[in-house]
Every structure is written in C-alpha cells, then in structure tokens.
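Features as listed in TrEMBL:
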type	residues	note
DOMAIN	1-120	domain 'MAM'
DOMAIN	122-213	domain 'Ig-like'
DOMAIN	220-313	domain 'Fibronectin type-III'
REGION	293-313	region 'Disordered'
Amino acid sequence: GSFMMVNSSGRASGQKAHLLLPTLKENDTHCIDFHYYFSSRDRSSPGALNVYVKVNGGPQGNPVWNVSGVVTEGWVKTELAISTFWPHFYQVIFESVSLKGHPGYIAVDEVRVLAHPCRKAPHFLRLQNVEVNVGQNATFQCIAGGKWSQHDKLWLQQWNGRDTALMVTRVVNHRRFSATVSVADTTQRSVSKYRCVIRSDGGSGVSNYAELIVKEPPTPIAPPELLAVGATYLWIKPNANSIIGDGPIILKEVEYRTTTGTWAETHIVDSPNYKLWHLDPDVEYEIRVLLTRPGEGGTGPPGPPLTTRTKCA
C-alpha cells in the first residue's frame with residue numbers, strides 16, 4: 001500500500017507534503033479507506049491532514065475531508081466513498097500541513113481500494129445536469145445511500161473549489177437520503193460544474209461532477225417583415241430564424257401597439273406568416289416578435305420593432 005510519514009519539527013507554518021495516489025478508473029461502486037496518525041511529545045497538534053479528489057486532471061479544489069487540532073490515540077480508520085466511474089478518472093491527494101512550534105508526526109498508512117461500498121461513509125447516486133434560463137434559480141438534488149446523521153456536513157463543491165452549503169436535507173428511507181441546494185449565480189450564460197460532498201463520522205462521500213447549464217432566452221435579430229398593408233389589417237412575416245440567445249424555440253408571439261397609445265396586445269403565431277386583423281385605418285403601429293425557449297423564464301426580450309401605418313379607409 002501507500003505510506004506517508006511527515007516530521008513537523010523545525011518546519012515553517014503552512015509547509016506542505018503531498019502523497020498522490022495513482023490515477024483510478026473504477027467501473028463500479030467501490031471504497032477507498034486509509035489510516036492516519038497524529039502524535040507529538042507535548043500533546044499539541046503537529047498540523048493538519050487534508051484529502052483532495054481531483055477529477056479528469058482538473059483543479060485540486062478544496063478538501064473533501066480534513067482533520068486538524070488533534071493528537072490521536074493510535075491509528076484512526078477513515079473511508080472515502082467516491083462516485084466517479086469509468087470513463088472518467090480521478091486522483092486522490094493526501095496533504096500534510098505543518099504548524100510551526102508544534103513538533104510531531106503526521107502519518108498515513110494502509111491506503112486501499114476496496115471492491116465494495118463503504119461501510120460508514122455514504123455513497124452518492126449519479127448527480128444529474130441542471131439547465132436553467134438566465135436569472136432563474138438552479139437546484140441540484142444530491143441523493144445518497146446510507147444513514148443520515150444530524151452531525152453530518154453536506155455541501156455542494158464547484159469545479160474551482162468554491163463550496164456552497166446545502167440547505168434542505170430529508171430522509172427518503174432507512175437506506176437513502178437526499179439534499180437540495182439552490183445555486184444563485186445564474187446571471188449570465190455559462191456552463192459550470194458542481195458535485196455533492198458529505199462528511200460523516202466514518203469519512204467522506206463525493207459524487208460525480210454535474211453541469212449547471214445557464215441558457216439565454218432568445219431574441220430576434222431583425223424586425224418583422226411587412227408583406228401586405230390594408231386599411232384594417234397588416235400581413236407580416238415574424239422573421240425569427242436568426243436569433244440572439246439559445247434555442248430551441250417552442251413559442252413565437254407577435255406584440256403590437258399604436259405608436260401613440262398605451263395599450264398592447266400579444267398573439268401566438270403558429271404559421272410562417274401572420275395577419276393582424278381589426279386594426280384602425282390610417283394609424284401607425286409598432287410590431288415586435290417575442291420568442292420563448294423551454295423552462296421558466298424562457299421568454300426573451302422583444303426583438304427590434306417594425307413601424308408601419310395602415311392605409312386610409
């Protein structure tokens with residue numbers, strides 16, 4: 001197995017030592033366990049031990065498990081339930097951080113990859129991608145197999161390492177529980193990655209990374225095209241093929257008003273061309289097109305206006 005022994009005597013505060021496991025490409029539920037040991041002559045903690053799980057060669061991010069401020073009575077066993085499976089790969093990194101003026105030893109030993117679920121650390125089910133429109137709340141649901149304790153810490157970790165606390169946790173049954181969290185950073189079109197992490201008495205569980213996809217509601221680039229004019233009608237072509245933002249477009253609407261009035265009407269368009277009826281003669285109208293994509297908040301702002309006048313009666 002793998003082994004690391006760090007002597008913190010004479011070290012500067014914050015000095016680090018790393019033990020990197022080989023890259024793993026597991027294809028089924030599995031568990032990694034290890035033993036750690038903190039010792040010192042004066043019973044003061046020699047530093048801290050952090051564990052990171054780096055996925056697909058990405059950033060190291062924040063620890064998924066850590067311990068500090070202790071001196072152990074012998075070796076302590078800890079589990080890592082990592083739900084990252086082939087074809088994705090990951091690497092476990094152990095990091096020892098020294099504390100100046102606190103001589104002692106930090107050790108890690110008997111690191112094993114086991115072909116069965118962890119006995120104490122909960123395992124996450126696959127975290128699904130979430131798609132929302134700009135400005136809407138995005139909610140991830142973390143579902144885990146295992147027993148939930150009020151002492152467990154559950155959070156959402158972004159690809160760059162930033163952590164978001166999970167707000168709502170509920171027990172599904174005696175073998176499964178779930179937690180939800182809303183991600184508020186959806187102010188612009190983007191794609192980011194998140195994963196669920198849980199810290200329990202027995203160790204930590206880590207889910208796969210899922211994508212948060214933020215889409216921009218569509219807006220036509222060009223105004224509607226005028227096809228024919230009468231005293232009480234206008235034939236138009238919505239001209240909605242070229243857009244700013246994201247599709248697919250599930251709804252087209254025409255919004256029209258008089259240029260001097262305060263009222264406005266909106267009609268659903270379900271054909272390539274559309275006829276506006278019951279208009280007033282010799283009146284100037286402003287016509288815009290609204291487009292909608294799937295999801296809450298999927299209607300984009302109106303496109304450029306077509307300004308035209310009906311014929312004299």
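From the backbone N, Cα and C atoms, a Cβ is placed for every residue, glycine too.
TrEMBL entries are annotated by machine, without manual review.
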The domain 'Fibronectin type-III' (220-313) - residue tally per DSSP class, helix then strand then coil
0 helix, 42 strand, 52 coil
Report the DSSP secondary-structure composition of the domain 'MAM' (1-120) as helix, strand and coil residue counts.
0 helix, 58 strand, 62 coil
